[in-house]
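What follows is a single structure, written as structure tokens, with notes after it.
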Amino acid sequence: MLRTIATKIFGSRNERILRRLNKIVKKINALEPSFEALSDDELKAKTDEFRQRLANGETLEQLMPEAFATVREASRRILGMRHFDVQLVGGMVLTNRNIAEMRTGEGKTLTATLPCYLNALTGKGVHVVTVNDYLARRDAETNRPLFEFLGMSVAVNVPGLDPEVKRDAYKADITYATNSELGFDYLRDNLAHSAQERFQRPLHYALVDEVDSILIDEARTPLIISGPAADSSELYIAINKLIPSLVEQEKEDSDEFQGSGDYSLDLKNKQANLTERGLEKCENWLVEQGLMRPEDSLYSASNLGLFHHISAALRAHTLFQRDVDYVVKDGEIVIVDEHTGRTMAGRRWSDGLHQAIEAKEGVKIQGENQTVASITYQNFFRLYEKLAGMTGTADTEAFEFQQIYGLETVVIPTNRPMIRDDKTDIMFENEQYKFDAIIEDIKDCIARHQPVLVGTASIEKSELLSAALDKAGIAHNVLNAKFHAQEAEIIANAGYPGAVTIATNMAGRGTDIVLGGNWKAEVAKLESPTEEQIEAIKVAWQQRHDEVMQAGGLHIIGTERHESRRIDNQLRGRSGRQGDPGSSRFYLSLDDALMRIYLNEGKLNMMRKMFTTAGEAMESKLLAKVIASAQAKVEAHNFDGRKNLLQYDDVANDQRHAIYEQRNVLLDNDDISETIDAIREDVFNSVIDEYIPPQSLEEQWKIPELEERLRTDFTLDLPVRQWLEDDNQLHEDTLRERIIDAAKAEYQRKEELAGSESMRSFEKGIMLQTLDELWKEHLSAMDYLRQGIHLRGYAQKDPKQEYKKESFQMFTEMLDALKLSVIRTLSRVRVRTQEEIEEAERQYQAAMAAQQQARQAPLPNAPASSEPTQGSELSPEEKVARVAAERHIGRNEPCPCGSGKKYKYCHGSRAKDHA
């Protein structure tokens, strides 16, 4: 009550921010006449002037009015477009850590030039982030003439670039890039084996276009660089035969309910759970197939891999639908982005799910991967010193932007009043009645020459509706993942009088639908258009444009409500751009996913009773409340999921930050001998503590065991017992000192033999190689810990606290293992001549070059609710060659190729054969 009264008196926070910014707009407008009077050279010189003033201590905020006036005038001269006042407001909002909600058609691309120019003056680099390659290239080419006129360099960073080109792209003042490529380059930089291989500068300012898509929809998407793991395709094929025999039951077993099925589904969380009966059936089948021993259980440690395969196969068959979640294209499973309806070539689900779907569809099963490096978009974008974003739909997620990223959302008013007519939702009893009503609405629009855009939630639904329109004899275009290549042409024609376009979700987002069609697209089709041809096309377009305006603009039909209000608003936002007329209406049915999953049976039955005649339509305030309630539940559920993930990922993020920071220190230093000396002392102290416990009696010392350990692990043949017999004054501390001094002396002897420069390079290489290998294993261990940690809740323990505690312990153990492994390797390496160490270094550098070449192969483009991966791994032979070049491999050691066999039975035997 009091808040409402205060808002009426003082205005909302958004209104107060806009009032403050409008005062600065007046200053910019006042500068306009003087900037119009400047010559081109004088206008260009402003950039150097601003940079000098920054160096002299002025702030970006102080420079902002003049900088914005400079960009506005340059844009008028170079692009023929003058920034509206609301675009200046948007630019000011984006200059700092804020999100600007700007409606479709309000010129976000032009608005972005203002904060990009201002922040690029610092010389630290600006990243403009888009959701796909096409938009990155388009926006860069659109704004390049403006920025280059003002003395700013512009580059595009997309997958597949040559390393040197990519490196130059990051050196540009303003770099346009996709979100996935920025994330993968960050991970690649932290796998580099020399400082020169890195691409990125410190992350300064990112302006994220379609920020809701990237920071909300993609928030849980981990970017993963991975290498191949063991092949288990035969097992996926075998277990795929088991799943069809399992029977679904209504809900999970509990004290109150005992079903007769083999599994139950949790559609909200996309989980499938075996019942006790189902578990028993699976175990019997596995025993029959010879995949499990009769006395074993699926839950025993040795069979967890089998359980993992069954879980993946069950989810593949029951929760992932063809033409909804994925399509089969050229013998491969291609994921469909649930938010945009676009396919994402090269993206793969993790945890064996992708392989299980490949087995289900009978296509070639590709190998599983082991994570080498990963980061989520949530944590990657929080690395930027300054982060800002723009979208047409942010206000509904304002709380999450503030909570997770510390970004305030400011709603920017439209340049012209919005006159779109958003009609009340209509509900039908079932999908067939709903489709019938949609077809009647489309027929009415066609009769009045009004273009229609029909939004569907999946490829499957778009094809069902398309079939219904074909049956009704209505010509139309379909824009979904299957027809992705024709997207630009379909969108260009979607504004024609009477055109009917069906689009999955927000396919085509980022491209405006022009009323009357896109005349520029028509001109582009002509090889060498004459002035007369262009003029004729413009005249024809103007007639069509006027006809569509008269008919009411673009009409939007939503075939069902989405889980998020934001997605609904995005669909509506395609109409009514820049003050154009338009209309929208959502058609719903009780069969819709939102109703089935998020409304209880009681509410659904109550609503069914409200329909008294076949095909009856219902629209009421109650309906609006029910839908709002269901969407609020989904949004809250999804927010909790993202927040929960972040709490877990923050633990891994702290560790990642520590490892990558240490790695960069290693890369930037040619001499790490002091670090090696400190590690050696730590390692030997720890080893000695195992056999000579601190402050213990001499009778408790295990001297023979200590001598053996020093001999086997560090090739130190020290007569410790003889020392003790010969010197009565030798006590714990002096003995410890003598052992460490002996280790240092032996290492010094090797260094004199090999040469300091070669030894420094070798130390750095071994340190990086060992760190990467152990970090990779640590990531796998963290994944396993994360997957099972929720079970601690049954023991009345907080899973998050348990995860933090155990992951910290694992991290500490990894660092101890790193120290031991590095010192053990350096101690055991055989060094006889300068030539030998140089040959080992040459082989190591060759192996690293091969690994780097694999990492820089073209990456899959684009993000979704899956995990994008990139391969980077040496062959088994290269691994063995690299280790053999560094040291002698014992016959009974595990083979370095990773097979799990002893060296003498694996590559050791092959080496013998070749000898």
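From the backbone N, Cα and C atoms, a Cβ is placed for every residue, glycine too.
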In Swiss-Prot, ATP binding by GLN87, GLY105, GLU106, GLY107, LYS108, THR109 extends, among ASP470, ASP512, ASP546, ASP568, to ASP512
Rounded Cα distance, in Å, between CYS895 (Zn(2+) binding site) and ASP512 (ATP binding site) is 59
For LYS108 (ATP binding site), which residues of its chain lie six or more apart in sequence with Cβ-Cβ distance below 8 Å?
-> GLY90, MET102, ASP209, MET390, GLY392
Recorded ATP binding residues, GLN87, GLY105, GLU106, GLY107, LYS108, THR109, ASP512 - maximal Cα separation rounded to whole Å | 17
The answer, for which of the binding-site residues GLN87, THR109 has its Cβ ringed by the most other Cβ atoms inside 10 Å, is GLN87
Out of GLU106, ASP512, which of the binding-site residues is least crowded by other Cβ atoms within 10 Å?
-> ASP512
For the recorded ATP site formed by GLN87, GLY105, GLU106, GLY107, LYS108, THR109, ASP512, name the remaining residues of the chain with Cβ within 8 Å of the site's Cβ center, in chain order.
-> MET102, THR104, LEU110, THR111
